[in-house]
Structure formats: C-alpha cells, structure tokens
Amino acid sequence: MKKSVRSPGSATVINAIATGFGAAFGIGLDIKCCANTQNSSITCSNDVGAPTTLMEICAKKTFEKYGISSDDFGMNFKTESELPMASGLSSSSALSNAVVSISSKIIAEEFNLMPLDDLEIINLAIDASLEAKVTITGSFDDATASYFGGVVVTDNKNRKFIIKEKMEEYPVLVYMPNFGSKSGSSDVGRMKVLSPLVETAFGLARSGDYFKALNLNGLIYANTLGFDSNIAIDALEVGAIASGLSGTGSSFVAICEDEAIDDIKETWSKYEGRVIETKVDNIGCQFIG
C-alpha cells in the first residue's frame, strides 16, 4: 500500500512561549510525505539530508498506539519540503502531522482498524515533537494551524481551541535570512520576561484583531531575540497589512494585498537572504494520493 499527504506550514500571530497562549495561521508552503508498506521496520528519508529522528518517533508512536510491532509490519517514509527548516514556519509541526496522519491511515486500512481522529493525530504528533525536543510549548497553535489551515487562537498548555476559523487568503511574503534558528534551543527565560506585553498582543488576537496582534508580537519577540525589527517595519511602511517575526525566527512574514507585493519585495531586497511568495492556506493537511 502506498499513500501521499500534503502538510502545510504556518506563520505566527502570537508566539506561545512567553504565556502558554498562542495564535497562528496556515501558509501555502508544505511538506509532502509519501509512505509505503514493507515487511518490517520503519525507514525514513528526506530531500534535504536532515536527521530523521522526528519522523522515526512519529511513526513509532503511531505503531505503538495501534499495538503494531515493526518486527512484523513496516513502512518506508520519504518527504519533500518547500518549508525552510529552523525558520519559524512550523516545519516540525508540518512534518509530524504528515507522518502521524499517513501512518495512521495506512495501518487502519491495512488491519481494518479505526483511523485516529483529527485531535488524536495532532496530540500524537505534538507528543512526538516534545520527545524529539523540537518544540518548547508543544506548539498546539502551530500544529493545528498546519493541520486544519486557517487561523487558530489556542491555549497551548491545555491543548484547547479559543478560536478556529478560516482566514481571507491574502498573499503572504516570507523573508528568509541566510541562517536558521531552532525553537527548541531558544532562550525561554528571556522571552518570559516580556509576558505582560505578549498578553496585550494575545488580547488583540483573542478579539479577532489578528493583524495588530501579529505586528505587536513580532516587534516584541524580534527585539527580545536579537532580530532586526526594521525588517517588519519596512514592510509595513510600503503597504503590508501586517508583518513580524514568525516563531523564534529567523523568518519574517508580511501579509499584504496584491498591489503591495512588489514594493515589499523591493524593500526587503536590501537584506541578505531571499523572499518567498505564498498565501494563506485554509485547506490544511490533506491526502493527495
């Protein structure tokens, strides 16, 4: 049996590290995962030569959930990614969602078992990400924005939704500097110092004012983590609706109307790195074969 799944990344509205409450929205950059059955063992590979630890943990946890031994039944996983790694665009959440969802579907069909429901998949993927130490909070906001698409506002500590809804499919520009930033190794203490300010930004998100929330959150975290907040301000100056640091960096995102795309690209061209053009994703994780 062979199946393929598409799993998009997400961008930050509110980074949950400071307060435990977060918000994020799906973007049109994704990871594609293809899996096929084999006689035994779990084998994983990707197109970027990165460690496959997270993939292996996701598959192992799904096998354990169903009581399946990889000595008697196996799967081979391969991924191709449009998502830059260690950039604040939820590549780990997208990857874990993809592997858990595809392995669950194959096992359920192969053994005539019930497939995991959406939240079971998400929670298993989060548990795997925590075990792999690629997340600090569990990233329920990132994981659910990736899985469902649209925008989510969440209580990450308790893995609960506050808001889950579709978002207008604006163009999204991503500025990628020539370096990454792993969220699992971020300075948590430094970020928590600013929790009162982040709570103010979260209040905006909770009331549905996502763009102001993104702007404020981005400025707070960029300055706290040593990124150049002028990147976001420059985008706002030339017409972005909202712009800010995504996750713990290193990427910045700008949400805009079509007519502002070229101006934002131009103003960001003075910074070393590259600009990726995508849009808001409202589809989420879906099987494509």
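Quick reminder: no glycine exception, Cβ is built from N, Cα and C everywhere.
Since the structure is predicted, the reported quantities are computational estimates derived from the model, not experimental observations.
Taken from Swiss-Prot as is:
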type: BINDING; residues: Pro84, Met85, Ala86, Ser87, Gly88, Leu89, Ser90, Ser91, Ser92, Ser93, Ala94; note: ATP binding site
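Those residues of the chain, other than Pro84, Met85, Ala86, Ser87, Gly88, Leu89, Ser90, Ser91, Ser92, Ser93, Ala94, with a C-beta within 8 angstroms of the mean position of the ATP site C-beta atoms are Gly9, Leu83, Gly247.
Taking Cβ-Cβ distances under 8 Å and a sequence separation of 6 or more, the neighbours of Ser90 (ATP binding site) in its chain are Gly9, Ser10, Ala11, Ala24, Leu83, Ser139, Asp142, Ala143, Ala145, Ser146, Gly247. Taken residue by residue with DSSP, Ala94 (ATP binding site) is part of a helix. Under the DSSP three-state reduction, Pro84 (ATP binding site) is assigned to coil, being neither helix nor strand. Every protein chain considered, the tally of other Cβ atoms within 10 Å of the Cβ of Ala94 (ATP binding site) stands at 33.
Local packing around the Cβ, expressed as the count of other Cβ atoms within 10 angstroms, is greatest for Gly88 among the binding-site residues Pro84, Gly88. Taking all protein chains in view, 21 other C-beta atoms sit within 10 angstroms of the C-beta of Ala86 (ATP binding site).
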